[in-house]
Every structure is written in structure tokens, then in C-alpha cells.
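A.B. asks: Before anything else, here's the structure in question.
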Amino acid sequence: MSIRHCVAVDLGASSGRVMLASYQSGPRALTLREIHRFTNSLQKVDGFDCWDVDSLEGEIRRGLEKVCEQGILIDSIGIDTWGVDYVLLDKQGQRVGLPISYRDDRTQGLLRHAEEQLGRAEIYRRSGIQFLPFNTLYQLRALVEQQPELVSQAAHALLIPDYFSFRLTGNLNWEYTNATTTQLVNINSDSWDETLLNWTGAPLAWFGTPTHPGNVIGHWICPQGNRIPVVAVASHDTASAVIASPLADRHAAYLSSGTWSLMGFESLTPYTCDAALQANITNEGGAEGRYRVLKNIMGLWLLQRVLKEQHVSDLQGLIARTAALPACRFMIDCNDDRFINPASMSAEIQAACRDAGQPVPESDAELARCIFDSLALLYARVLNELAALRGQPFSQLHIVGGGCQNALLNQLCADACGIAVVAGPIEASTLGNIGIQLMTLDELANVDEFRQVVRDNAALTAFTPNPDSEIARFVAQFQPQQTKELCA
């Protein structure tokens, strides 16, 4: 019985992991084991919020070396990360400056300038991507305006996962699913849109042709001298998470729940009609030519910040205390850009409630209750928008990613959306990363086959909607309200 060993490097905004997957083709058994975990945080450099990619590279290499030290022969490696951020390289392949985080405020006002100069409808017609103030489209314009000295030194721009693949292999690659998050890929041609790039001022020569997931970028030479293929997986972490979502049929929606919440459905065609533009829906690239028609929601970033500020270490204890509180006393619009990166998330939530003339949450449990209720109600609104867009209701919602461990939020989501929820797998991004590697190794034929492997191996939990819950009764009152978009 053959066993394949694939390594997934999964980088998030607050932490990174090197995970080892073992796959037995006979029983189609798939197991995951964490090899190395490390923190990831922003550092202030010359007034910008930057990623310490040198430290991250060191941690990635350490994790890979740990696998090799155990005598395991790695069959392949794949890397997935968050989207939109990039690294500049010079002609010698050396890094130019530090990559600036999407949470930095350098792009302030640039989205509005783009709309005024290019037209909102025209940008959407070309890209099909949701308007977010930190998209690479606006980041590059900020670079050209604020750091022209770096522009003259640069020869290439690589998105974060492609940069780390380059550091392991020495080969350049521009992976398609992540490239689409930039708002710079033409939705009709799957290549870089020259009109949009020209607006940024960045040269087209910085970018190579986007390639769909599944190609071997190059090889990493392990300490023992073995040449290990580095696969271009669906390198946007949400694209990987969707691959691992065990969607039963085309009437199932997904919610990738983590720092960001991304809710959507799969489609063979993009949705770029006026209604999609009005709803600020995104059409990001997926595997096998599928589109991830979805909407970005601020997600558990709010909770992560509150936990840190309130010095909460027992999350499950907090959730239990939160569940005992009445629902829907404190309501915020989680997609208001005031929550992107405030000095104090707790104070910002309190200020938002105060501004709305509501009771103000004081304790950590009240703040968490505010976040959970507000997210669940926003999930319901977005799910309705998506159903209206496709002209059909959804039969089921799959919640995947780290956030699916929050049973209270899962039940609130089921109640608010009035739909059956299936939670799991937790390690969705890692599993989707592994799935593309297994397809590249010819162990599996396609995404649907891999999803069956996920169903057979992952722990899944069902949540049935309760129409008599407090939040279900509140939905009718919440739905007509307008929420702000992140581009406001």
C-alpha cells in the first residue's frame, strides 16, 4: 500500500504552520500532523506596517527541515497564504524593501480616486472583483506615489506565496487564484489587465502570466540532497479552503471562517451584472476553472483583537459566558471600515454602539456577544444577497476553517440564516493545499474526488436552525438595514 507524504505551508495573518499530510491510496485515508507552528505579526518600518518575510522564510525552512529530520521522504510541498500583498524583487532576485501589509493605511482615498478616474462599473467589468480599499490595485498606486525609489529598483512583483515558492526553488510563478485577489486580472482573459495596471503606474513587466494551480514551480533541495517538487497549489488560502469544503451539490454555500469570513458559492461562470456590482460581490478564481462567487466579511478579526486587549486566554470559557447572555442587545456593522485596524477594537465597538444609540457592551462576554450576533446577522444578509444573485435558495451552508470550532457562532449562523449548517473541516486551507498536491501527484483525479476524501476523513458537525431563537426573530428587523461596504 503506497503512502504519499505532502507538506502544506499555511500562512495566516497571525500565525503560520508547516503541516504533514499522509495519504494512503488504498483506503483513501488522509491524516494531518502539525510539524511546526510560529507566530506572524506586523512590524512598523519607516512608518509602514510590514511583514517580516525573512523571519517567516526561516520558520518555513525550519519546518521543512523538521520533517526531513524524521526520516520522511516528502513527495511535494505547497504554500498558501492571505491575498493581495506582494514582494518586490530586483533583477538579481533580491528583495526590494519590505512587503507592506494590507492593513496599513497607505491606500486611504485611492479607491475613490480609481472610481473617479476609471469608473466603478468599468473596474468591475474588467476584474469582477469586490471593491476593498487594500486590493493590490490600490497598493501599487500607493507604492508608485509614496515610494518611487523602490519602483526604479524593482524588476518583479510576486504575491506572498509565490515569493516563498521562489525562495525555495529560485523560479518565478504567478498563481492564478491568488492573482485574482489583486483586482488586476481581467476576468475574461485570465491575464493582467493593462488598463488597470496602467492606472497604478506599475510596469506590466513586473508580472508573468498567471498559471492555474497544479503546476510544479521547481524543486527544493532538502538537507539530505533530495529534490522535492514545490507545487503551485491554490495559493490564496480561501481558494484552498473552498477546495476542501465538502459541498454536497451546487445548492450548497460555503463560509470560510477565520480572521476573515468569506461566504459564497461555486460557479462555472462569473457574476458581473449590475446586481453583483451593487452588492459588491467578488468573482475570485478557483480550481478547475471554477469561480468563487463570494463576499468578504470582516470575520473573527474583531474577536481576535478583543481577546488580546481583554487578556482572555480561555476562549471556550468566554464562549460559555457569552452564550448565557441575551441575544441582539448590542449590534454593529462588522463590515464598517472603522474595524479594519483601530487602535483599540474594544473601544471602537463600544463607540459604534454608542453612536447608534444602543446599550454599550462593557465586559469581555458582552463584547463577544456583540461580535457573534452581528456576524451571524451579517451572514444572513449576505447569504440572501447571494441567493438572490443566483436566483435560487441554498439548501445547506458549510462552515470551514478555524472559526467552525465556535459552536455558538455556528448555531447563531444556522438560526439567523434559517439553513442547515455543517461545520468542518477545521483545517480547510491546509487540506485544500494538500488536495491540489495529491492531484498533481496523480493520486486523485479532481476536486470532487478529493471532497469525497474529506467527507470520509474529516470530523463534521451538523447544526439545525431553530426558528424560535432570539436571533431568528431579530433577522426580519435586521435584513432591510443597509450595511456599509469596506470601500465606503
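Heads up, residue numbers simply count up from 1 along the chain you see.
Heads up, the Cβ atoms here are built off N, Cα and C, so glycines get one too.
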A.B. asks: Which residue of THR259, THR440, THR461, THR464 does Swiss-Prot report at the same ATP site as ALA13, SER14, SER15, GLY16, ARG17, GLN304, GLY402?
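C.D. replies: Answer per Swiss-Prot: THR259.
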A.B. asks: Starting from the substrate binding annotation in Swiss-Prot that includes HIS236, ASP237, THR238, ASN296, which of GLY78, GLY83, GLY93, GLY97 is the extra site residue?
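C.D. replies: Of GLY78, GLY83, GLY93, GLY97, GLY83 joins HIS236, ASP237, THR238, ASN296 in the substrate site that Swiss-Prot records.
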A.B. asks: Of the candidates CYS50, CYS68, CYS353, CYS370, which does Swiss-Prot name as forming a disulfide with CYS222?
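C.D. replies: Looking through CYS50, CYS68, CYS353, CYS370, the record in Swiss-Prot gives CYS68 as the partner of CYS222.
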A.B. asks: At a 10 A cut-off on CB-CB distances, which of the binding-site residues SER15, THR238, THR259 has the highest count?
C.D. replies: THR238
A.B. asks: Using DSSP, would you call GLY83 (substrate binding site) helix, strand or coil?
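C.D. replies: GLY83 (substrate binding site) sits in coil per DSSP, no helix or strand.
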A.B. asks: What is the Cβ neighbour count of HIS236 (substrate binding site) at a 10 Å cut-off, with all protein chains included?
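C.D. replies: The answer is 32.
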A.B. asks: Over the residue list GLY83, HIS236, ASP237, THR238, ASN296, recorded for substrate, what is the maximum interresidue Cα distance in Å?
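C.D. replies: Spelled out: the longest distance between any two Cα atoms in GLY83, HIS236, ASP237, THR238, ASN296 is 14 Å.
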A.B. asks: For the recorded substrate site formed by GLY83, HIS236, ASP237, THR238, ASN296, name the remaining residues of the chain with Cβ within 8 Å of the site's Cβ center, in chain order.
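C.D. replies: Not counting the recorded site residues, we get TRP82, ASN178, THR181, ALA239, SER256, TRP260, LEU262, GLU284.
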A.B. asks: Report the nearest neighbour of GLY402 (ATP binding site) in space among the recorded positions HIS236, THR238, CYS370, comparing Cα positions.
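C.D. replies: Result: the closest of the recorded positions to GLY402 (ATP binding site) is THR238.
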A.B. asks: In whole Å, note down how far the CA of ASP237 (substrate binding site) lies from the CA of CYS370 (disulfide bond).
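C.D. replies: Between the alpha carbons of CYS370 (disulfide bond) and ASP237 (substrate binding site) there are 27 Å.
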